[in-house]
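**Q** Structure incoming, see below.
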């Protein structure tokens, strides 16, 4: 069958599913245009659409296959764009994909390593222990090479074959559907379907490169090394390829099995607090966090040497935060608990994600209506993830451009809160988060921060300082050239004002240059002070 015929048949099947589950009515009824709502009622006539719209959408995605299931999972994280009922239903989507045959897995491994399976592993479990839409996992034991890793128990993750072709075919259809929805009306454009599909495209292609996942795991392992709260599998880089990665085998109790954890003697209250500590350490200290912390990816170690520690698995989705993102989060949470809603509104405007004509008092009133009801509850019942989600939804009314990494963080925070409160219903998330926020904000302000910034920038200042006279000369020459083009039209007063402005700028630049030079010399002196002190002591002793 030709590619065109295959795509046509796939498209026809998708159209049938759309009609079968009433998704055409769902899309059309989501818009405010009267003619679209009338069309929705017409197309729904005679069809039994008695299930809620979120359920219909979830079931349709499940029928369309693993790529659409994965799309629904990613879409469920965009709670800033979706109505709550649809987002909640899409969050229930699970990868229920039958494993591909062990023979295909073995063939993929041998092709990737260019040698027989028996040369790599002394033992290999042909039945997979886990299977998802992108890859499946087998347990094995390494033969090792050059005396390294001999007999190590490992987990082998193998990419599902033929994924790229399937993904490209379905993504092409998704792009077409997104463009159609966006072209219907302004409401369609507000939902940003093409942006969501592009985000999904990037996410899927990242997941198809297993080396990228291995690199993310290695960075998280390095970041968490001194915390002694979480275990992350070691990656065996000599055995990692784009379609196969080999990692340390981890063994523990799934975090969802609370009864088994109690019977094993695990302190569930401590475990709940530790999970929050791990997350906020990754967010505010490292700016790099595991963004797929649902119960299926989290276990608890029962090994005596690491008893009670978290075990994190599956690093296909990670989030990265800039210093600006961290400041936005820290100040928002702090302002929220102070009930300083004006500051929350100002933070949104200062972020640059709000149209410049937005009025602070209107945004403040909207934020107050979202946040104030939370304070009638005990602190242990306040969900920071829900606060963020409601803020994002409110911001959408003001056309705020919420950044994808913050939406990903909000989704992960909801997962962490859910895990924590399953373990300890009395978990007070704010008490655990507050020290991280206070420390981060203290590190951003004050002498320590200023000194660290000066020390980091000293080489740059030292390099720029000799260039200062030339830069001044070029500026004055260019300024003089522009002044001569005005001819007689320029008045004496304007020229004198320009001269004064130029002199002021010259003084400022000279002062800055002197300040930079002083700072550089001072830092150099402090860095070399021990050696200088030793030299002076030797000189005076010699005398």
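Please read every residue number as a count from 1 along the shown chain.
Quick reminder: no glycine exception, Cβ is built from N, Cα and C everywhere.
Pasting the feature list from TrEMBL:
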- 123-510: domain 'Protein kinase' (DOMAIN)
- 129, 130, 131, 132, 133, 134, 135, 136, 137, 157: ATP binding site (BINDING)
- 292: active site, proton acceptor (ACT_SITE)
- 505-527: transmembrane segment (TRANSMEM)
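Each of these features: where is it, how hidden is it, and who are its neighbours?
**A** Non-local neighbourhood of residue 137 (ATP binding site): 128, 129, 130, 131, 155, 156, 157, 158, each in the same chain, at least six residues away, with C-beta under 8 Å from its C-beta.
Sequence-distant neighbours of residue 292 (active site, proton acceptor) (same chain, 6+ apart, CB under 8 A from its CB) are 314, 315, 316, 317, 412.
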**Q** Please identify which of 129, 135 has the densest Cβ environment, defined as other Cβ atoms within 10 Å, among these binding-site residues.
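**A** The largest 10 Å Cβ neighbour count belongs to 135.
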**Q** What's the number of neighbouring CB atoms sitting within 10 A of the CB on residue 131 (ATP binding site)?
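**A** The answer is 16 other Cβ atoms.
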**Q** Among 129, 130, 131, 132, 133, 134, 135, 136, 137, 157, which the record lists as binding ATP, how far apart in Å are the two most distant Cα atoms?
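**A** Overall maximum Cα spacing for these binding residues reaches 14 Å.
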**Q** Would you mind checking how many other C-beta atoms are within 10 angstroms of the C-beta on residue 133 (ATP binding site)?
**A** 21
**Q** Would you report the average pLDDT that the model assigns to the domain 'Protein kinase' (123-510)?
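**A** When the pLDDT values over the domain 'Protein kinase' (123-510) are averaged, the result is 81.
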